[in-house]
Amino acid sequence: LDQHNMLAGFEAVTTAAIQKLTRCFLLQVEVLDGRTRQQLCFLDKVEPHVTIGDIKRLFHKSYQQLYPARQDLKLDPKGKSLKDDDVLQNLPVGTTTTMYFRDLGPQIGWTMVRYIGPLFIYLLFYFRVPYIYSQQDAFTSSSNSVVTLACACHTCHYIKRLIETVFVHRFSHGTVPLRTTVRSCVYYWTFSAWLAFYINHPLYTPPSYGDMQVNYALAIFVLCEAGNFSIHVALNNLKAEGGPKCRKFPRPTKNPFTWLFFLVSCPNYTYEVGAWASFSVMTQCLPVALFTFFGLIQMTIWANGKHKAYTREFKDYPHLRMPIIPLLL
């Protein structure tokens, strides 16, 4: 019993000594401009357990216009950006740390920025508000049922995206650069107006194969939307299980829609392309087909990037998986 008490006492003394040593072991952080290498800030007596987010807040005190969301810090000018939850003592640094700063530019909130525009823009064309078409067509409705179905599908698609943005997605940054948001909004809003103009036009011609073409395409659209939502939920659950430092790659779950993970790395993109391709067939509208084509190109680039990251990080990553299109791409 005495030996046990002595051991416990020794452990307590050792722990206290380590804690005291940690408190005494303070670091210095130098922040340089990533382009000019000019010193912007020097932080003395920084505790080793502070995070990059804490460093950004300290930097913000010296530069009020550069709030934390605008700051990008790196250990190497050409290296990876440091995450806000990275702890200083866990990084490959010495007693004096040099970080390189880059201004990300004005930031705005991410939530609902891109998707609320297309939702309302399309409805303006669907209800044929004045000055879009001729005056006699103002506030009239189309006699083609596919026009109403297309409006319902388009509206549900963007409502789903808004719901996912608020309740499902976990963004690494709460804001995005203003220039990125403007570019994204121009892309989505312009395409929404373009395709809505033709689908809701008084002279719109319904699909060549009638109800059969519409119904089959509608069924595929609904399945792809459900699949896309299921994948987003599965990815969200994976991040929730391990937190921001979760080092797992996504796998199929009991949900049949997630079984596409057996074949591709980014089935959410696969379902997204499938939804817009079916919408193109359902409406038989060229602007929708072009939107689908450009979306496929962009999502293929994103999927390739994620696929390469998975294969690089995980040695046991399934070899059968392709980035976005099963067995092909």
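Glycine is treated like the rest: Cβ placed from N, Cα and C.
A quick note: this is a predicted structure, and the numbers were derived from the prediction, not measured.
As annotated by TrEMBL, domain 'TECR-like N-terminal' applies to 28-103. Positions annotated as domain '3-oxo-5-alpha-steroid 4-dehydrogenase C-terminal' by TrEMBL: 175-328. The feature transmembrane segment is assigned by TrEMBL to 108-127, 186-204, 216-235, 256-279, 285-305.
Of the recorded ranges 216-235, 256-279, 285-305, the transmembrane segment (186-204) has the largest number of C-beta contacts under 8 angstroms with 285-305.
Taken as a whole, the domain '3-oxo-5-alpha-steroid 4-dehydrogenase C-terminal' (175-328) shows an average pLDDT of 92 in this prediction.
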